[in-house]
């Protein structure tokens, strides 16, 4: 009998079964031949937004991709937990300040706040913002040189100055300009983000004097490194923009140190060198923006009039492309909400269960991004007309402005037909959007 030929167990005598070997009737397979079925992604709705995958995570919270189910616009949501914010110095105050600042800013080079939602039960806040495909720091880290070609750096720097000039015109000092806070859209538009440590000057302030700073150490000017009590806020942003320009054109930093004390000591002295391969006009601009004395430091007007800023630079090197997604290695950065959208529609047609997807209850929808808990009354103008100030238009979905939805008690399911109707409406709305 050939051992290689499988035989029924009953044909082997009891004493010969072990000598034949287990390989006779159990076929070994290689692990590469096993196909693992990935876990099905479960759709989750936060208000009208369908949640996607994680885009990034910082000290304040996570950032995920979302899809607006009404407009089909691709958005990003910053998820903030109140419990986590309490552990960060000035965490809650910084978030509240950022919302108050972003709600009144409208510029193509400043990130736009689209919506704010708050879950009182879970103590979570959702800041919905326009979607940016990549960050400048991520692009720099994707190439060995850690820098951009001069032509590409020039285009980004011009947009940075445009956005910075707008912020200063609104009386806002950013205080933390750096590549990590500069985002990019698919068409290369730069967006200044993260206004958590920014400061809004008083409308009747005589100058731009500031007294506090919480920016990144490597981008701070000498006046802050030396511990001055007061300093010019706008000149702080000019210095940080100069360090950013130095970094994206050389791949280096003008000041470095083994620790923050050594770093501030080097910044406080103000001595730095510029690589010899930098063109003279660029070197002159960098020295003007990184001037030790704030009074002699370039203003935005002087930057705009500089020859390097006004010059059209030829494309001498290949541009740095947007890198593939770090998790999925997707070079096109496709929408991560698609699997959740497919799961939502597919299961909606097959099943009549309420648990098709997760729905966050207790959401406070805010209009014009009113900070949760803030109550504003109508303001009457001099002409007698009332101007409605921002206020929450829906608390737990019970206000008449939106479709009524009373939060039920108990587990959703067949015992709660009202919830089933509400969920079906959401599914039909998303299905209609998909067909369009």
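Along the chain as shown, residues are numbered 1 onward.
Placed from the backbone N, Cα and C atoms, the Cβ positions cover glycine too.
Given the ranges 372-396, 397-421, the record in Swiss-Prot names 397-421 as region 'Disordered'.
The ATP site recorded in Swiss-Prot includes 55, 56, 57, 58, 59, 60, 61, 62, 63, and the single candidate from 78, 82, 83, 96 that the record places there is 78. Residue ranges 45-90, 137-182 are listed, and Swiss-Prot annotates 45-90 among them as region 'Sufficient for interaction with SIRT1'. Per Swiss-Prot, the residue from the list 31, 240 bearing the note phosphoserine is 31.
Calculated from their C-alpha atoms, the gap between residue 63 (ATP binding site) and residue 96 (N6-acetyllysine) amounts to 17 Å. Around the Cβ of residue 176 (active site, proton acceptor), 23 further Cβ atoms fall within 10 Å across all displayed protein chains.
Ranking the recorded positions 48, 57, 176 by the distance of their Cα atoms from the Cα of residue 97 (N6-acetyllysine) places 176 first. Following the DSSP three-state reduction, the secondary structure of residue 55 (ATP binding site) is strand.
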